[in-house]
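A.B. asks: Grabbed the feature section from Swiss-Prot, which reads as follows:
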type: TOPO_DOM; residues: 24-256; note: topological domain 'Extracellular'
type: REPEAT; residues: 64-84; note: repeat 'LRR 1'
type: TRANSMEM; residues: 257-277; note: transmembrane segment
type: MOD_RES; residues: SER352; note: phosphoserine
type: MOD_RES; residues: SER430; note: phosphoserine
type: MOD_RES; residues: SER433; note: phosphoserine
type: MOD_RES; residues: THR509; note: phosphothreonine
Amino acid sequence: MISSSSCMFFLVFAFFLISPVRSSDVEALLSLKSSIDPSNSIPWRGTDPCNWEGVKKCMKGRVSKLVLENLNLSGSLNGKSLNQLDQLRVLSFKGNSLSGSIPNLSGLVNLKSLYLNDNNFSGEFPESLTSLHRLKTVVLSRNRFSGKIPSSLLRLSRLYTFYVQDNLFSGSIPPLNQATLRFFNVSNNQLSGHIPPTQALNRFNESSFTDNIALCGDQIQNSCNDTTGITSTPSAKPAIPVAKTRSRTKLIGIISGSICGGILILLLTFLLICLLWRRKRSKSKREERRSKRVAESKEAKTAETEEGTSDQKNKRFSWEKESEEGSVGTLVFLGRDITVVRYTMDDLLKASAETLGRGTLGSTYKAVMESGFIITVKRLKDAGFPRMDEFKRHIEILGRLKHPNLVPLRAYFQAKEECLLVYDYFPNGSLFSLIHGSKVSGSGKPLHWTSCLKIAEDLAMGLVYIHQNPGLTHGNLKSSNVLLGPDFESCLTDYGLSDLHDPYSIEDTSAASLFYKAPECRDLRKASTQPADVYSFGVLLLELLTGRTSFKDLVHKYGSDISTWVRAVREEETEVSEELNASEEKLQALLTIATACVAVKPENRPAMREVLKMVKDARAEAALFSFNSSDHSPGRWSDTIQSLPREDHMSI
């Protein structure tokens, strides 16, 4: 009888002769299978490993995507076998019963996405992962990992998703500050200390940090102080008992600290009394309040552009509550939704403010009320509208618009010289930040075609709903006016506000905003139209496909060659060159839609309802293609955002 080792030798030798995949990959796969598949759950048969279950993609004769999910695998990972697969881009063992520690994976130099969630892995965080400089996605949730989360994660400059929830990690959170970081969850561990107030970690709300031992920080509305015993240094170590010979020094230090602390408390109390007196005095003097408004207005003119953000947090709103004649303005809620949280103008005036952006129509703020409730407030630039009744009617029309792909307008405030619009707050950011990150240069990553189709369908449905109202348009469609909802659906904001803009204003429009507009509407004195919205939709679709913002008139520049330009950009920017060949039909469908929308003549553009039908047809064909190819694996970096359902996305 031939031994099992002899069979393995002959099998590997046969693959070396006839397989298009390099023999080392074949040997590595078979060795890996022997360590994690004792029940033979993986039916690897045939002569071409690229057709084996779980081998989702091969590039130039090398395995680049291995996805072995929910196959009842057990045992532990073989580091030697895995490191031989050095061309892997995606590796997933999600939803099995694998155990043990993670071996050294420093040989996977091309790895971009690692999914080890929902297993029984234990041990410390695999330090070798921090040397994989191309790594973007790390998902280790729902295992038994322990120890500290290493600060060496800062070396992963492309880190996009970091999920380690439901483990036993302890210590502090490292000060991650990658501009690319968009998804983060460390909840349900044993972490403690100060959550680092980095720009990257400040994006995430309390749900990313809940159920830990003793975390504190602005993100979870739990301030750090001496009484909690929590220090503000991420690398802080437990206190070491002081020897008896040094007890006197310690006592002197305690006494000195108490005296200094007492003096500091007295100074703070005095300062607080002064501030309260000044605030009371300012309320009684109208001119002092008006001077603050003027100062804020001047500041706005020198601030960043509409995609920029301000770090001037926790400032109080200084808008007026009364008009010059003394008539009190009113905060009016729109609609009759009893589930909407109600608040007063006084609550709004006491809210702390963070500038989210400044645009041609006004400034947008994140307002955090004393109760902790968060809203978005848009302060319109041209506060003195000559026809207030007309303004009120228009806003009430917008307030009646209710659709899953529209950011709801909840309330408005009007006085003679002040107009505010109140929207729901969307913490997941904008489509602009999704594509371009923190860059303002307008150059970002093209999204995968599945993501483009999902976003396009969301936006098309929102626009069709708006266009059902005769004469109503969005009027200012661009990626910064698309927000990501709680389920990462794309939602339109700032819709219908272009009619409120003063057409004779000398305020300049940025180039990026200008070239989203149809040629016939670039003269701001001309009213926006529904065909112009279709044109803007086409430009936005080109931005999704190329990652390039419209700082130039791309349609005029490339004309009939725009499809060639899009393909060239995607071939240059996408890291897997075979993507275009694998999805040519899908890309062509998107290009057909985009080029139809950006027709120079308005009468040649399809109606938004026709555009929606084209997008839905393309998505249906794409879904059929995905089903037939059995490719349900974790996607590229952009797929993890839009193409996955919310429950899958947040639970990986």
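Here the Cβ of each residue, glycine as well, is placed from N, Cα and C on the backbone.
On this model, are these features tucked inside or out on the surface, and what's nearby?
C.D. replies: The DSSP breakdown of the repeat 'LRR 1' (64-84) into helical (H, G, I), extended (E, B) and coil residues amounts to 6 helix, 6 strand, 9 coil.
There are 15 other CB atoms within 10 A of the CB of SER352 (phosphoserine), with all protein chains counted.
DSSP assigns SER430 (phosphoserine) to a strand in the three-state reduction. Other C-beta atoms found within 10 angstroms of the C-beta of SER430 (phosphoserine) number 22, with every protein chain shown included.
Around SER433 (phosphoserine), taking its Cβ as the centre, 21 other Cβ atoms fall within 10 Å, counting all chains.
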A.B. asks: Mean pLDDT, the topological domain 'Extracellular' (24-256)?
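C.D. replies: Across the residues of the topological domain 'Extracellular' (24-256) the model's pLDDT averages 83 on the 0 to 100 scale.
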A.B. asks: Work out the three-state DSSP category of SER352 (phosphoserine).
C.D. replies: strand
